[in-house]
Structure formats: structure tokens, C-alpha cells
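According to TrEMBL, the protein has these features:
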DOMAIN    7-57  domain 'Galactokinase N-terminal'
SITE      28  site 'Transition state stabilizer'
BINDING   34, 35, 36, 37, 222  substrate binding site
BINDING   68, 122, 123, 124, 125, 126, 127, 128  ATP binding site
BINDING   128, 160  Mg(2+) binding site
DOMAIN    284-365  domain 'GHMP kinase C-terminal'
Ligand code: ADP
Ligand code: MG
């Protein structure tokens, strides 16, 4: 497969194969811990085996020429102008990464790059962190930088926050950068301590189902949720609770002091964050003790909270969730990613996976009018040179 990509690169950019390098970064699926990563809370994602390939050859004239198998538009710019330009569309992701390297005084010299993505865009499997991390990792390698994977993840987060204007947390970049085969990462997003937990699923498989609804206004709603959390934190602090982030508040403490938050909408948002954090802890413990039924139950509770308290699900995700929950062999299911569309993640018994997909497809199409798409993925490795 990778050879084909190099051939395609050479058909676009010409030249010899020497000096052409291929990198890969996975997408990620979050098993539980949603909308907690920008609150210093816990998350539990796994890197996927599908992701983004990047074929690259450095240039010496300072120009970057970008092509993608996923978009028709080619993008070119000079390293003297690494600013966000709306018309550069998807090219802003790599450009944003390059501007971060420029800020760190890396000696950029230009490059030809061809991306091949296998992750659906805008579906909650983090194709943006995948293209960001593959680009950051490649330039760190090729320019002989010494940034660690964690530093690269932070660099990519800065790109999304400051260049693309999406106030996302660190989870996606972290999972894409540090993922481990057959493991999920239990991450404390406040101090970035993490533990790779074996994803021992026995007879169960992870099934990802895409609602195929584009997320639309997701970025602005995402930023709105984020400010609602900040408002909740502020009201708790003004009431005398000495915490720096919502993740620092345990559920018992929250229940004691919740009346400090007067606005019911803000209270519901905070309640989601606090209870979700607790669910991650319980889910990791359940997985470690082999209690998959409990793990699945917590996934469903997570979805309920995201639907009722955080209000980031919507018709398509809720329809998929309700249908999936009722399927035999499905012991847990929930929306994954930012929400407002995108994917669900489900735990389904091996022998039921086929009938699960068939039944869900038919029932979802009947209600929504178009089909979902399914992805079966193991937990894969983080970004790498191949
Ligand atoms: P998500 O991260 O959930 O997939 P985002 O909206 O955050 O959704 O990021 C998707 C965007 O990332 C795409 O619209 C595109 O601009 C960029 N992108 C991701 N993968 C690729 C790719 N293979 N080639 C070019 N651009 C890509
Ligand atoms: Mg994204």
C-alpha cells in the first residue's frame, strides 16, 4: 500500500524516489471521558489502525507544495508567509504546524507533501489530530529536532487552538502520538500522566459507526461548551471552592456545593464533566478487573449524560445509540468525539458483529433516510516512520 503512495507522490511531484519518506499517524477513538480533556479531567482513548499517511520530500527553495488524496485542491506557499488563509482550506492544518516549527526556530527549507487519509473527516475520529501529528512528527524527524511525542502533541494542540481557532483539549493529539497496540490510554489531562491499559476485550470487538451527518456548526458549539465550563468553574471559585479546573472536583464535593451554580444550564454542563470523570475511573477499574459488562454500562451512561446534561448528541447520534443499545450482543455504546454528529463506539460480541451492522444499518436508514458506515479497528500504534 505504502509503495503505491510513493508512486503517486512521484507522479504528482516527479523526481527520484531517493529522499522520499513515508510517515503514518492513526486516528483515535475515545472509549469514555468526553468533553473532560479541556477541564483537566480523565480520558480513555485508543489509537486506531486506520489513519493518515504522509509522503514527503524536503525542498531547498523554501516552497511547500501540498496535495491530498482526499481533497482536489493543491496548496502552495512560501515559508516566509505561514499565516492562516481561508482559501488554503485543508492546507491550513500543515501550515499551522509549520508555523509552530518556525516559532521554535526550526530551519525550514520547503517540502513536497502528499497526504492519504483513511479516516472520515469531521466524524469524531480526529483526522485533524492525525494530519497534524503526522506532519509534526515528520518535520521533527527530518529536521533532526528533539521534541518528544508529548511536546509534539502540545505543539499540535497549539496549532488547533491558535491557528485553526478550535479550543480543543490535548486528548486527540496525545492518543495519536502515544497510542499503543492493543492498549487504551488512561490520561490525566491536567498533568499528562498516563497509563497504557491492556484493552482485553475477550469475545468483544470495538465497532465504530458513523452517523454520516456532517458536524456543521460544531466548532462554535464546542467553544460555547468550553466557555460554559469556564463559567461554572468561576461560579464555584467565587463561592469559595478552591479548585483550578473542574477535573479537580470529586463527585461528592460537587454534590455538596452544586447550589453555588445558580444557572441551571451551566450546572448541567458541570454535572456532565464531574460525573463523566467519575465514570472514566470506574470504567478503567472495570476493564482491569475484566468486568466488561460494567464497562459497557458506563459507556451507555456516558452517552445519556452527553445527551441530557451536555446536549452534544442530536437526532442522528441518539437514533444510532438507541438502535445499537437494543441489539443482542451489544453490551455498551456511546457517541465518541465532540458530538453534534460523527460516530458512536460500541462493544459488540464477535459472533454478533455482522448481524449488528446489518440490523443497525436497516433501522437507522429507515429513521434517518441514509445509511451509517461501520469501521472495525483494533487499538493501534501512535505516529511513526514507515
Ligand atoms: P475530525 O478531526 O473530527 O476529523 P476536523 O474538522 O477537526 O474533524 O478536521 C477535519 C479536517 O482536517 C478536514 O476538513 C481537513 O481540512 C483536514 N484533514 C484531515 N485529514 C486530511 C487529509 N488526509 N488530507 C487533507 N486534509 C485533511
Ligand atoms: Mg478534529
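These residue numbers are counts, starting from 1, taken along the chain as shown.
The backbone N, Cα and C atoms fix where each Cβ goes, glycine too.
What TrEMBL says about a protein is an automatic prediction, not a curated fact.
Close to ligand 2, meaning a Cβ under 6 Å from one of its atoms, are these of the binding-site residues 34, 122, 125, 126, 128: 126, 128.
In this structure, of the recorded positions 28, 35, the smallest number of CB atoms within 10 A of the CB marks 35.
For the binding site of substrate, formed by 34, 35, 36, 37, 222 according to the record, the largest Cα to Cα distance is 12 Å, rounded to a whole number. Residues listed for ATP, 68, 122, 123, 124, 125, 126, 127, 128, cover a largest CA to CA span of 20 Å.
Taking the C-alpha atom of residue 68 (ATP binding site) as reference, the shortest distance to any of the binding-site residues 34, 35, 36, 37, 222 belongs to 222.
Counted over every protein chain shown, other Cβ atoms within 10 Å are most numerous around 36 among the binding-site residues 36, 68, 123. Across the structure, residue 122 (ATP binding site) and residue 28 (site 'Transition state stabilizer') place their CA atoms 13 angstrom apart.
With respect to residue 222 (substrate binding site), the closest of these binding-site residues in Cα terms is 124, chosen from 124, 125, 126. Ranking the recorded positions 28, 36, 37 by the distance of their Cα atoms from the Cα of residue 126 (ATP binding site) places 28 first.
Neighbour counts were taken as the number of other C-beta atoms within 10 angstroms of each residue's C-beta; across the binding-site residues 126, 127, the minimum falls on 127. Report note: the substrate site is defined by 34, 35, 36, 37, 222, and the residues of the same chain whose CB lies within 8 Å of the CB centroid of those residues, excluding them, are 33, 38, 39, 41, 43, 169, 171, 225, 273, 276, 338.
Geometry remark: residue 36 (substrate binding site) versus residue 128 (ATP binding site), CA distance 19 Å.
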